[in-house]
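Report on the following structure.
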Amino acid sequence: MAEIANNRVESELGCGFMGGIFNRWSHWSRKAPVHSLPSSENPRKPHTSHSSKSHRRRRSSSAEPAIGENSSPAKTLQKPDQKPTRNSVSDHPRTSVSHRKIQGSRNSDAARSSTSSSKSNGSGEERKLRRESTANSLELARVVTESRQPDDSRALVKARSSNGMAMGHLGNLKQPVTKNSVTGNSTPSSTSKTILALSRGLQEMSSMPSKTGYGNIVRKNCDEFRTISNKLEPEVLKRMGNEAYKEGRFKDALVLYDRAIALDSTKAAYHSNKSAALIGLGRLIEAVGESKEAIRIDPSYHRAHHRLATLYLRLGQADKALYHYEHSGSYTNSKDVDKARALEKCLVSCDEAQKLQKWNTLLKETQFAISSGANSAPLLYALQAEALLRLLRHEEAYASYQKGPNFSIHVCTNFFGMASSAYLWMIGSHVYLAAGRFDDAVTAAQEAAKLDPNNKEIMTAVKRARDVSSARSSGNLLFKAEKFSHACVVYSQGLEYDPHNSVLLCNRAACRSKLGQFEKAIEDCSAALTVQPSYSKARLRRADCNAKVERWEAAIQDYEVLIRETPGDEEVGRALFEAKVQLKRQRGEDIKDMKFGSNLVSISSNERFRHIVTSPGMSVVLFCNKAKQKRVFQALEQVCKRFPSVNFLKVEVEDHPYLVKTEGVSNIPTFKIYKNGSRVKEIPGSNHELLESSVKWYSS
């Protein structure tokens, strides 16, 4: 009876083979035919048997929360009317309960195990065991290496061959309880260290059969350890993924969550956390799928419902967002519901405005919806682009369409439906056509026709894209062959299908300019710039045509816009200089001091200085000494060549002390920038980089 009582107590404390791994090896009695394992304190000194229970220290660890998931605390096993027992061992384990007597059957089994293991050293079964243990340890080591978690200062008992393995907190293994709380998972860094200890222990245990002769015992311990490590690994991977997510390493987090799901796909938290990582990477539709999977596993998962509702709101599906907000419990507040309801009303207004062709209203409603949270809804961006195209704001339409999410045809069709996806590609065709991307326009229209071949509006868009693209190609060939009249006719035919196409208008203007029809060419360029204000080719062509008809002021305006966009363009700078010369000559002003590439003027009088700096435009003045000006003067000359439309003045302080005083010059040399009569910037003479960047800034 005493033996039975002892065995019962040891069973409660985790004895047996698993107790030998996670606590210490039990000390065999001297009567046992098997020699006792050496102790870690003194390998040569045998241990005496003990009959009392071993004492353990209590230790608690704080659970590391997942991204929006609450880890369930580990429960402790306890019997009625008894204090709770613990399954894990503290950092400093003490001696476990030893067996006083071993039954005859157990003695014979242990003896046979010892004898058979000592004789089978190097057998195929043991080699297989060694390979499995080594592979398992390498796998755990790989997990720790990839985790890249910072070191923790917490104490950890390392594995030793003498005591099997003494471990601290192990991730999801059950933890000791304190008086006030039940502990959950350990911190990721502590768990990473523990896994490293497990890896080393496995490597040591793989070599134990050849050294100690306990092959069967070690093999059983390894099998049980493998079972525990497999249960541990998904939670460890999840916690590592959480740490990567918090640090903004969404790709790393996604890999870790994927591996956790591969090991255990039944945990809703893993799918929900993966959804969060996908959101961080901008893969919203994939994130929707993972959130839905989490809800399928756990329909009452409030955080997953809230995450899915937010995703639907961003994707412009207000009705689905409202449904999941209603099922997200305390995670949803009134503001979330108000946003979803406002979006729902806004979408209804967009449909009505589109049907009634109220393009300004449609533009306003789409802008409100996007700014209210539906910033990843491709349909809203397409509606906005359509409104801008109808309002002849092609440049803004292209920018708006490009801001929308770039989903593939397959993804759009599966998520939004065939009709919505076809509409997206049809609007894309219109936008690309207006921007001069003719091949892309034809491709987009054809994809829309595949999705909805019975839609008359889409088929019209296909014909329009093909005809306009063909007109552009044929006209370009005729223009290269110098058949300008025929090219002009072909471009005009293309404009019948798309009257406001800026590329065809500009190309026809080139033909008319070659034919001497400058007024018509100016009209085409102006029409192109109306829908595409930043179309520099049309602006340059209009400036040249205005110069041909001696409209110098209009030409100078266009040249100055171009020179601000490309300050180093020598061709535009020369054209601007010539236009200014001709304008002065037309007005009867003196032009003998004007010279291209030398817009640096030395001030001869105070009146000359005042006249230049107060004139419209921009002026840069260098205040310097006569003797010490070479280096700074060379820097100024380099800037002059890059900005031919800017006036550069040189004031030698010895000859103009009055200007030095009135302009507040305290350091020599110094640059001062004037714009439209006002002093806007002062730069030290030694800072040449700041001079060039400032001139570029104020001239634009």
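Cβ from N, Cα, C; glycine included.
According to TrEMBL, the features are:
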COMPBIAS  45-60  compositional bias 'Basic residues'
COMPBIAS  78-94  compositional bias 'Basic and acidic residues'
COMPBIAS  105-123  compositional bias 'Low complexity'
COMPBIAS  124-133  compositional bias 'Basic and acidic residues'
COMPBIAS  175-192  compositional bias 'Polar residues'
DOMAIN    630-693  domain 'Thioredoxin'
REGION    31-137  region 'Disordered'
REGION    161-192  region 'Disordered'
REPEAT    234-267  repeat 'TPR'
REPEAT    422-455  repeat 'TPR'
State the residues, same chain only, that lie 6 or more residues beyond the ends of the repeat 'TPR' (422-455) and have a CB under 8 A from a CB inside it; answer 'none' if no residue qualifies.
378-379, 382, 385-386, 389, 394, 397-398, 401, 409, 412-413, 416, 461-462, 464-466, 468-469, 472-473, 498, 500-503, 531
Averaging the pLDDT values of the repeat 'TPR' (234-267) gives 93
Which residue counts does DSSP give the repeat 'TPR' (422-455) for helix, strand and coil?
28 helix, 0 strand, 6 coil
Over the span of the repeat 'TPR' (234-267), count residues by DSSP class, listing helix, strand and coil in order.
27 helix, 0 strand, 7 coil
